[in-house]
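The next block holds one structure in the form of structure tokens; read it before the comments.
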Ligand SMILES: Nc1ncnc2c1ncn2[C@@H]1O[C@H](COP(=O)(O)OP(=O)(O)OP(=O)(O)O)[C@@H](O)[C@H]1O
Ligand SMILES: [Mg+2]
């Protein structure tokens, strides 16, 4: 319950829906209780008048009595109808206020969680899988909404109705009231327990279903691998096994549900029987009228639904509390990378690492050890080294995806964590190692950093990234959809589209993380010479595996196991005859073998 307190701020925000909502619940219940009393009066009228009517048998007064009797019964009928209509009207208002409020809060809560996700760091995204992140914005929020809407509405409804009905019953006859509501608490307890069983079984079904759908999804995405390894029948058998599991869980649920409703009806029926028996005894004693029995039967049936909803609402609130707890866990997570309130700064392009050591927070792997280097505006820095040597880590740190463990990074001689983060990042063009394109038009993918689409700039960027020709060959050119529902680009084409995305920003600093790996040497040369023109006077950092990519750089870092082992220009490093030289020889040899 403590977790649900988080939502109170929303009740305050929407108080002008909640307060009238509660009022409408009360009013609709009053109109719900009144018909029972009208029915009692009508019932008594009938029993009394039948006697009078028979008394006048043979007189012509009898006709008149019949008429008066008939029209007053009609009047009661109309009255009951009007009361029912009024009740319906207020029920409508009640839903319009409370359920609508819950929808508004649901929307606010989703936005709040999503906005919070956006500020959380990469380390957070590594710790939690996508399914979990999605579940908390969708599944958990909708459970919480069940508490906010139906949960609150039915609770208020039950309380109000109980007070009104029990009060009305007690004023008629205490003994009868006690006996007829006696089975109801039993009903509530049974419903609560059965509901818990139903919920846990439904939960299991839900889990099986999501296991089944992620199994199917993965197999559809991996269909090429399945075909080429001839694993179709194996996959089919596993699917059948998963489905079987799902079926068994569903049948288990159906069994409980099958027992649930009949036993509910049995208990309500039992209450009715008791009421009629005790009521009959009381009528014979002359304590109550037959109309009171009719009134009681109506009351009892009015109580049945609130009693059922009581058990239901209790388990619903329990579930909502568990979901809100999960949501709070994320909402209370502080972002690890915080942007200071700093004036905007135009980046000139000087980047300095001073004795930087970096451990990845979640794995504890030390990816960089005591790394120092400086790049000046207008220079091109290259980073080369074995896989896993820490190259991408350098790029991540420049982007401030993480903060350093030891040492400092300075941008234009200012500490990186003193810069306004969004302003700083927006001036850097970063092409990550893992190309990611959105399922959208090519033009939108390239112009991703801009709010408005500037077609000439997009086309120029595509030309500079040497992908313009490929795009124009596609039937719809820049409007071609890529990804899931569109065209599949080749690995090299994707890399170049993501290069264009970085270039179009006209960044002050450009970082290429191994994004020329799938491009042939001729195209690579073309791109690099374009870069020379675009990045004139600006800073570029090229991470690569091939020496041919980087030999014109102003400075080359050779990384090994997180340390810089050699540093200098191509000529310097060749003279050194160390690791760089060895690598050069090896790559030269490979090229000759290929040729
Ligand atoms: N997000 C991460 N969380 C934890 N450890 C990581 C993460 N990214 C990389 N590492 C680890 O840090 C080390 C350096 O990785 P990095 O990605 O910087 O290597 P790299 O030089 O870019 O390699 P490659 O040439 O294969 O791209 C590796 O041991 C890797 O396992
Ligand atoms: Mg890398």
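The backbone N, Cα and C atoms fix where each Cβ goes, and this holds for glycine too.
No curator has checked TrEMBL annotations; they are predicted automatically.
It should be emphasised that the depicted structure is a prediction, and the values quoted were computed from it without experimental measurement.
For 21-43 (among others), the entry in TrEMBL reads transmembrane segment.
Per TrEMBL, the feature domain 'ABC transmembrane type-1' maps to 21-319.
A Cβ distance under 8 Å defines the sequence-distant neighbours of the transmembrane segment (68-93), meaning residues of its chain 6+ beyond its ends; these are 20, 24, 27-28, 31-32, 34-35, 38-39, 41-42, 45-46, 49, 53. Annotated transmembrane segment per TrEMBL: 68-93 (among others), in sequence order.
Annotated transmembrane segment per TrEMBL: 152-170 (among others), in sequence order.
Under the heading transmembrane segment, TrEMBL lists 176-198 (among others). Listed by sequence, the residues of this chain that lie at least six past the ends of the transmembrane segment (176-198) yet keep a Cβ under 8 A from its Cβ atoms are 166, 169-170, 253, 256-257, 259-260, 263-264, 267-268, 270-271, 274-275, 278-279, 282, 288, 292, 296, 299-300, 303-304, 307-308, 310-312, 314-315.
Annotation source TrEMBL lists transmembrane segment at 258-278 (among others).
The feature transmembrane segment is assigned by TrEMBL to 298-317 (among others).
The annotation domain 'ABC transporter' is assigned in TrEMBL to 351-586.
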Which residues, given as numbers and ranges, are at least 6 beyond the ends of the transmembrane segment (258-278) yet have a Cβ under 8 Å from it?
175-176, 179-184, 186-187, 190-191, 194, 198, 293, 296-297, 300-301, 304, 308
